[in-house]
Amino acid sequence: MKTQTTHAAEQHAAKRRWLNAHEEGYHKAMGNRQVQMIAIGGAIGTGLFLGAGARLQMAGPALALVYLICGIFSFFILRALGELVLHRPSSGSFVSYAREFLGEKAAYVAGWMYFINWAMTGIVDITAVALYMHYWGAFGDVPQWVFALGALTIVGTMNMIGVKWFAEMEFWFALIKVLAIVIFLVVGTIFLGTGQPLEGNATGFHLITDNGGFFPHGLLPALVLIQGVVFAFASIELVGTAAGECKDPQKMVPKAINSVIWRIGLFYVGSVVLLVLLLPWNAYQAGQSPFVTFFSKLGVPYIGSIMNIVVLTAALSSLNSGLYCTGRILRSMSMGGSAPKFMAKMSRQHVPYAGILATLVVYVVGVFLNYLVPSRVFEIVLNFASLGIIASWAFIMVCQMRLRQAIKEGKAADVSFKLPGAPFTSWLTLLFLLSVLVLMAFDYPNGTYTIASLPLIAILLVAGWFGVRRRVAEIHRTAPVTADSTESVVLKEEAAT
């Protein structure tokens, strides 16, 4: 028995060495300051700055509770990811962990679902950029696709010049987002605390009770809204991908993850509560940031425009992060055979440029959608992005559970940074993600049609696997000698099925 355990541990160690070889070529240039701000910025994006307006109309003050619930489960997912990162930092993030603990088929599904997530999220961000630009009347007649193309040019260039520059620019993007929320919280609190009227109307809790209470449309609309709010936290797992290019991920990642939960509480829950105490919840509009709505009503010249520049930066930040993630995820998939061979190529700046260019092509499709149906793009692709997010987060939780099992069996070393309450919190998070899928079905028509498309997505994934399995088998036949013969046989048999 002891011999079998030892052999299993050696076999798993061999697989880890093979996976670590996939990290060659990256430049570990990110410092603590940058990782901290990337983690914060990942939790603050278009979902809050643009999506909150429409969601306040749908759920009213109950949106704060929805953000809190989603924020707690997002923290569980981040802690699970942190556990995996301390086990083995990887730019391939949970796709690489799926390959280690679940096999190549799981890595294939995880990778392509995550790509769907970021591809759709990028289209949402492109749409957001165009909507923000239309806030200024001078640009009202300019088609959305013009602004979308300009945004793609900017972020595409940023991602090609090296990870150090990406991290630095993302640091400043995130800092601007944080400062915007902080300024709103300070100004809004002053108005609320001093009893200063806004547009001649008193602020305070009466704005909730006088406008239908905490659940103005009932409980069901607030519950269904969870599937939309999930999108607001879509970038939190970015810190896992960034860990592969950190100078010291063992110290930086836990610190960054632990700082996220209270910031979610302050920035999301605190902001929504303050918004509904300053203005009636139905004063906020879909298509316009609620923060822009608030500052515009202060009567201070140009304050609305200044805030609009800030939220425009937030959309560009999210788009920038999406390109960063997809480039590295596609390279990880390519190294295992689940994506085309050319996507593994790196530039002299240590950038996986092929994957980034492939993502840019998909984003161009988003620009085309902006041209065809500019008014509906945001909601249409939001639901498809949610599918990718749910799948990605589910893989993180399952991989974390398999890591715990591997540690228990002696196949992997224990880690100091763990998900609190596991495995209960692991199963609870998976149940939450499943409930989000169920709730999406009630969001007619977009959510209902999205859930109805799941069989088609499954068929496409199966067809795609048959297209890549030969290359998967070939890669594992020529795997480096660090993987032992038994491991190679297992991998080759898996690829052949």
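Note that Cβ sites are derived from N, Cα and C of the backbone, with glycine treated the same way.
Taken from Swiss-Prot, the feature transmembrane segment covers 34-54 (among others).
The transmembrane segment feature in Swiss-Prot is assigned to 58-78 (among others). Remote same-chain partners of the transmembrane segment (58-78), defined as residues 6 or more beyond its termini with a Cβ less than 8 Å from a stretch Cβ, comprise 43, 52, 208, 211-217, 219, 221-222, 225-226, 229-230, 232-233, 236-237, 239, 257, 260-261, 264-265, 268-269, 272-273, 276, 281-282, 393, 396-397, 419, 425-426, 428-429, 432-433.
The annotation transmembrane segment is assigned in Swiss-Prot to 109-129 (among others) on the grounds of sequence analysis.
Panel annotation: around the transmembrane segment (146-166), residues 26-27, 29-30, 125-127, 129-130, 133, 139, 245, 315-316, 319-320, 323-324, 327, 347, 349-351, 353, 356, 360, 363-364, 366-367, 370 of the same chain, lying at least six beyond its termini, place a Cβ under 8 Å from a Cβ of the stretch. The transmembrane segment feature in Swiss-Prot is assigned to 146-166 (among others).
The transmembrane segment annotation in Swiss-Prot covers 171-191 (among others). Non-local neighbours of the transmembrane segment (171-191) in the same chain are 33-34, 37-38, 40-41, 44-45, 49, 198, 203, 266-267, 270-271, 274-275, 277-278, 291, 294-295, 298, 307, 310-311, 313-314, 316-317, 320; each lies 6+ residues outside the stretch with a CB under 8 Å from one of its CB atoms.
Per Swiss-Prot, transmembrane segment is recorded for 219-239 (among others).
Cβ atoms under 8 Å from those of the transmembrane segment (264-284) belong to residues 43-44, 48, 52-53, 56-57, 60-61, 63-64, 67-68, 71, 74-75, 178, 181, 184-185, 188-189, 191-192, 198, 201, 203-205, 207-208, 210-211, 216, 232-233, 290-291, 293-294, 297 of the same chain, restricted to positions at least 6 beyond its ends. Per Swiss-Prot, transmembrane segment is recorded for 264-284 (among others).
According to Swiss-Prot, the feature transmembrane segment maps to 298-318 (among others). When Cβ-Cβ distances below 8 Å are used as the criterion, the transmembrane segment (298-318) is approached by residues 41, 44-46, 49-50, 121, 125, 128-129, 132-133, 135-136, 151, 154-155, 170, 173-174, 176-177, 179-180, 184, 187, 198, 235, 289, 291-292 of the same chain, each at least six residues removed from its ends.
The transmembrane segment feature in Swiss-Prot is assigned to 353-373 (among others); the stated evidence is sequence analysis.
Residues or ranges marked as transmembrane segment in Swiss-Prot: 378-398 (among others).
According to Swiss-Prot, the feature transmembrane segment maps to 422-442 (among others).
Taken from Swiss-Prot, the feature transmembrane segment applies to 448-468 (among others), supported by sequence analysis.
Below 8 angstroms of C-beta separation, residues 35, 38-39, 41-43, 45-48, 51, 55, 58-59, 62-63, 65-67, 69-71, 74, 77-78, 81, 85, 93-94, 117, 121, 124, 253, 256-257, 260, 264, 268, 318, 321-322, 324-325, 382-383, 385-386, 389-390, 392-393, 396, 435-437, 439-440, 442-443, 447 of the same chain, each at least six residues beyond the ends of the transmembrane segment (219-239), sit close to that stretch. Proximity of distant same-chain residues to the transmembrane segment (353-373), defined by a Cβ-Cβ separation under 8 Å and at least 6 residues beyond the stretch ends, is recorded for 115, 118-119, 122-123, 126-127, 130, 143-145, 148-149, 152, 156, 159-160, 322-323, 326-331, 334, 339, 342-347, 380-381.
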